[in-house]
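What follows is one structure encoded as structure tokens, with my remarks underneath.
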Amino acid sequence: MDVLKITGGIPLKGQVKAAGAKNAMTKLLVASLLSDKKCTFYNVPNIGDVEVTVSLCQEIGMEVRWDRAAGIMEVITKELKTSYIPQRFSGSNRIPILMIGALLGRTDQDIIVPTAGGCPIGQRPVDFHIQALEQLGAVIEYRGMKREGAYFAHAHNGLKGTLITLPYPSVGATENTILAGITARGVTVIKNAAIEPEIVELILFLQKLGAIITIDVDRTIRIQGTRRFYEVEHTVIPDRIEAASWGMAAISSKGKVFVEGAQHLNMITFLNKLREVGGGFDVRSNGIEFFYDGPLQGGLHLETDVHPGFMTDWQQPFVVLLTQSSGTSVVHETVYENRFGYTDTLKEMGADITPFRQCLGGKSCRFASQSFSHSAIIKGATPLVGKEIRIPDLRAGFAYIMAALIANDTSTISGLPFIQRGYENFIGKLADLGANVSLVEEEKNVKEMPENSSKLPLFAELQVN
């Protein structure tokens, strides 16, 4: 498998464009399965998770035309070929479980969905999904199969709207409940719902599709069921995770990068924390410029939370930033229980990070009585040294890229498909920003990145009709 070599110490400088949001586009594809109308998407990210989701949707009957260069995709699902999701998708991402909510109103057949996958960052149970769907009238059973297992679901008596209070504002459970509520009879009310920008994006798309749906400031979503749908054109919001990632990479490398498409509204909490450590940024009409504005100051307490709190996917690269900040900082992860495994590699590179099982620096969270390392103390600033790194998951992957960019000497990074799941053309963008990067193929030939690498492919082309 190919590996990436990065020689650190070069400030990133230039401009990149934030691609369409992974966590929006993948869910919009699933939502389009609710109807038999054509949906046209713009600003579609050319990333691995969209590839997998397209392949999954095609498996059950979606027709797809994807102009990757233009970022335009047309989809239509005139009829379902099957309601069985093959087990090869079980470890791909978290999308398969959302098929239950989307397909319950589209078929009378059993919907068979393999065990959920995604990044190995915690247990990420789907109990909240199942409980909410059952309240709407779905019958769901888990059965062991040859390799893993699958959920069997149906709504032979139809779905009926009701009041659902989620135990925790889970993004996935909120999405699944919304999708099922669209075709349920009557009104569905979801309390304690997630209100992430990607949830709002889903709601905007569904309203265009024909839904009558509202969202209130108290985390309440109301849906009037319908089966009357329309053709839709929709532009996907820029990815706030990618935008923040490039911003942190710019500042930690003592550089200056303008991120086209970065949206101020969806990054308020992140920008506040960035300013607290001394990171510079300039909000413009078409994006945000991030720049090194002098030595970074730690002494920060950071707690991840559901929106509008500090996003859990910003946590790993921000920890790398804190390793370059003077003083002692505390990070408390409250969304996923097992998201500090990546720090072992950072410590081997020279970082001073100590994970703890206790809730440090703030409120107690739902992991307080469990034996998970979900807090960390980071002491900086510490120099980092290059090493061989194996990427374990998507967001830790970018944290390792950041660490390699600021490390002394050269790092060799494997597991690149994890980053390709969520970052469009990240190697080309690194090269365009001046990073010293080279891709080493299996036969050990080295490909130096040309000056203008913005068109370099990330992965093998998926055949999409």
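Heads up, the Cβ atoms here are built off N, Cα and C, so glycines get one too.
Annotation source Swiss-Prot lists active site, proton donor at C119, citing sequence analysis. Feature annotation from Swiss-Prot assigns phosphoenolpyruvate binding site to K22, N23. The feature UDP-N-acetyl-alpha-D-glucosamine binding site is assigned by Swiss-Prot to R94, D313, V335. As annotated by Swiss-Prot, 2-(S-cysteinyl)pyruvic acid O-phosphothioketal applies to C119.
Sequence features, as recorded in Swiss-Prot, placed on the structure.
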residue	record	contacts (Cβ under 8 Å, 6+ apart)
K22	phosphoenolpyruvate binding site	P45, I47, D49, V50, D239, I241, R421, G422
N23	phosphoenolpyruvate binding site	V171, E196, E198, D239, I241
D313	UDP-N-acetyl-alpha-D-glucosamine binding site	I241, R395
V335	UDP-N-acetyl-alpha-D-glucosamine binding site	T304, D305, V306, T312
All-chain count of other Cβ atoms within 10 Å of R94 (UDP-N-acetyl-alpha-D-glucosamine binding site): 19
Recorded UDP-N-acetyl-alpha-D-glucosamine site residues R94, D313, V335, farthest C-alpha pair in Å: 16
Coarse DSSP state, helix versus strand versus coil, of D313 (UDP-N-acetyl-alpha-D-glucosamine binding site): helix
Secondary-structure category, per DSSP, in which N23 (phosphoenolpyruvate binding site) falls: helix
Local backbone state of R94 (UDP-N-acetyl-alpha-D-glucosamine binding site), from DSSP in three classes: coil
Assigned element (helix, strand, coil) containing V335 (UDP-N-acetyl-alpha-D-glucosamine binding site), judged by DSSP: coil
